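What Swiss-Prot records for this protein:
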- CYS72: active site, proton donor (ACT_SITE)
- CYS207: active site, proton acceptor (ACT_SITE)
- ASN20, ASN63, GLY73, ASN74, ASN179, GLU197, ARG198, GLY208, THR209: substrate binding site (BINDING)
Amino acid sequence: MGFSSLLTTCRYLLYSGAGNSFILGESMPSLEDVLFLCQEEMVDGFLCVESSEIADAKLTVFNSDGSIASMCGNGLRCAMAHVAQCFGLEDVSIETERGVYQGKFFSMNRVLVDMTLPDWKKAERKLTHVLPGMPEQVFFIDAGVPHVVVFVSDLSKVPVQEWGSFLRYHEDFAPEGVNVDFVQRKKDDLLLVYTYERGCERETLSCGTGMLASALVAADIFSLGQDFSIAVCSRSRNLIKIFSEKGKVFLEGPVSLLNRSENFGWLEPKSRRFG
């Protein structure tokens, strides 16, 4: 494959959302661009931020395999940080495939988004078959993308790649497949979560919707009440806060700018449009 056209024609940034790594660009990439750049930069996905007629910006999320994700919690927070700093905003709205999401930019260490959905489609499932040592009881939830949450007593003993790949392609969740979250409850309000991500086809250092899914299921099965607050730690050891207030559910955590292409003058004053 030749040198990617996106590297020479477009500006892009490298972001991390609590360990979830992304390339962010302001124009729609080709499939070739996504595959090349995600492999070249060893990131989890590509965030395309464009102008929107109904929000401050529009976000399209590409997985590292080139497929489009309907939602990505950490990617959404990275996009909100980008838009907030481009336009000098605190309150930010982002149009996505799942609708318009509202968020708040306090600082790069604290970017919050309202992840509330009208129906989480939560359901406990007994798997038709499992690998040796794997729990049969799992929890399905739609947190913007489909997740299966598996509670374990000791995450250090879980073969995340093997079990994650098995469940991601499990016949019980065909044909779409699922993201898979392995969860250990460390304290009443602290979870450790390792996620195998569909579209990356491997464990990632962090997954926003996976942390959200795990916290929502934990709040139910451990009877934490309607208004709860849970800290979630991922493989990256970054903490994400998931909390519920007055029927709304929020995802809050850090965002980091890792690098930028030489011609990306993203801090230059902008009008309220991209492109």
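Cβ coordinates are placed from backbone N, Cα and C, and glycine is handled just like the others.
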Inset, instruction - Would you count the other CB atoms within 10 A of the CB of ARG198 (substrate binding site), including those on all shown protein chains? - result: 22
Legend entry - Residues ASN20, ASN63, GLY73, ASN74, ASN179, GLU197, ARG198, GLY208, THR209 binding substrate per the record - widest CA separation, whole Å: 15
Inset, instruction - Select one residue from ASN20, ASN179: among these binding-site residues, choose the one with the most other Cβ atoms within 10 Å of its Cβ. - result: ASN20
Legend entry - Entry from the recorded positions list CYS72, GLY73, CYS207, THR209 having the most other CB atoms no farther than 10 A: CYS207
Inset, instruction - Translate the DSSP assignment of ARG198 (substrate binding site) into the three-state scheme. - result: coil
Inset, instruction - Express the distance between the Cα positions of ASN179 (substrate binding site) and CYS207 (active site, proton acceptor) as a whole number of Å. - result: 10
Inset, instruction - May I ask you to report the DSSP-based helix, strand or coil state of CYS72 (active site, proton donor)? - result: coil
